[in-house]
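Annotated features in Swiss-Prot:
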ACT_SITE  Asp119  active site, nucleophile
ACT_SITE  Asp121  active site, proton donor
BINDING   Asp119, Asp121, Asp312  Mg(2+) binding site
BINDING   Glu168, Ser189, Ser236, Ala237, Lys286  substrate binding site
Amino acid sequence: MSNKVARRLGKCLFVSGRRFESRQSILQLRTETLTDTPLSATLDQSQFSMFKAAEIVNAAAACAEAECIEQLKKTDVVPLLMNYLLGEEQILVADPTAVAAKLRKMVVGGAGKTVVISDFDYTLSRFANEQGERLSTTHGVFDDNVMRLKPELGQKFVDLKNKYYPIEFSPNLTMEEKIPHMEKWWGTSHSLIVNEKFSKNTIEDFVRQSRIVFKDGAEDFIEALDAHNIPLVIFSAGIGNIIEYFLQQKLGAIPRNTHFISNMILFDEDDNACAFSEPLIHTFCKNSSVIQKETSFFHDIAGRVNVILLGDSMGDIHMDVGVERDGPTLKVGYYNGSLDDTAALQHYEEVYDIVLIHDPTLNVAQKIVDIINSSH
């Protein structure tokens, strides 16, 4: 890691709404602890000794809306989570005060007011394996398997990626300039799949042999959301069938709280691919414009005013747009790029509330859900 990034990741502490530059400056607060909080099992025990209960409650009361104060007095675990976030070198929080305010509202609202909207590729799935080798996306499942079975067709998928991938991430093009290229890339790729008439069984087998890997803790995270009846909306510009088959193979079944907004392969009566769902969803149109208003999605998230958004690209930051609500959106972004690209890293800090650098886990998302559940 560069020194510049390391300096920006300084180990600050967040206690009672204030930011401390070193652990020494809060030693005077070590009079009472919060060891009865449900998060005690997941946070370092030494952190609990750094908090004065009265200080935390008073700060929470000052910042919270009047009707929330009594609930916050019972337990306020937000400072504990903030201290964890700000103490980890691989986590960036540009505006701790704003993040703490969003977390407090979510804690008060509880699980019944929460919905998780998440990307899949490189968000719920890992970007690289332990050896640093890049893993597959849902579209990449076809790239890998078709190249093995039908090299000529496989090369067409590779050629498309080589042509359009640099355009997708070009810093010299606006999003509006990129969109026609993304539509062409996705449309051509989908046509290749349909024209080959891949069977459902073949695609399921592709998934079994794929290089898609869950992030560490992903299975527990998804199961925890289901257990607490928190809807999980997987919003992907990839191929939704691949995600469904992957979840079925890893979890045994699709959890009842899980919804998919993605490009779905349609099959004919012989279970062969015959078309893709409309409208086409690419990287830069992941918002309400591609959601059918009559779907169960809108019914199931009615009243879910607090959104936890998980993504890994600029195209993911608007996944909550169009969802009717008046609560906060906490945006958590996975940064998989180079640490030397400080401009890109800074951009992530500007659009995501919390930035996780090269994080192969869902630990932060799990901790957020834990504190929401712990207060009710």
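Positions of Cβ are set from backbone N, Cα and C atoms, glycine also.
Projection of Swiss-Prot feature records onto the structure.
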residue	record	DSSP class
Asp119	active site, nucleophile	coil
Glu168	substrate binding site	helix
Ser189	substrate binding site	helix
Ser236	substrate binding site	strand
Lys286	substrate binding site	coil
Asp312	Mg(2+) binding site	coil
Ser236 (substrate binding site) CB neighbourhood, other CB atoms within 10 A: 24
Rounded distance in angstrom between the Cα atoms of Ala237 (substrate binding site) and the residue listed as 'active site, nucleophile': 8
Cβ-Cβ neighbours of Lys286 (substrate binding site) (radius 10 Å): 26
Integer Å distance between the CA atoms belonging to Ser236 (substrate binding site) and the residue listed as 'active site, nucleophile': 5
Shell of the Mg(2+) site beyond Asp119, Asp121, Asp312, same chain only (C-beta within 8 angstroms of their C-beta centre): Phe120, Tyr122, Thr123, Leu124, Ser125, Ser236, Gly311, Ser313, Asp316, Tyr334
Entry from the recorded positions list Asp121, Glu168, Ser189, Ala237, Asp312 having the most other CB atoms no farther than 10 A: Ala237
Recorded substrate site residues Glu168, Ser189, Ser236, Ala237, Lys286, farthest C-alpha pair in Å: 18
Cα-to-Cα gap, Glu168 (substrate binding site) vs the residue listed as 'active site, proton donor', nearest whole Å: 15
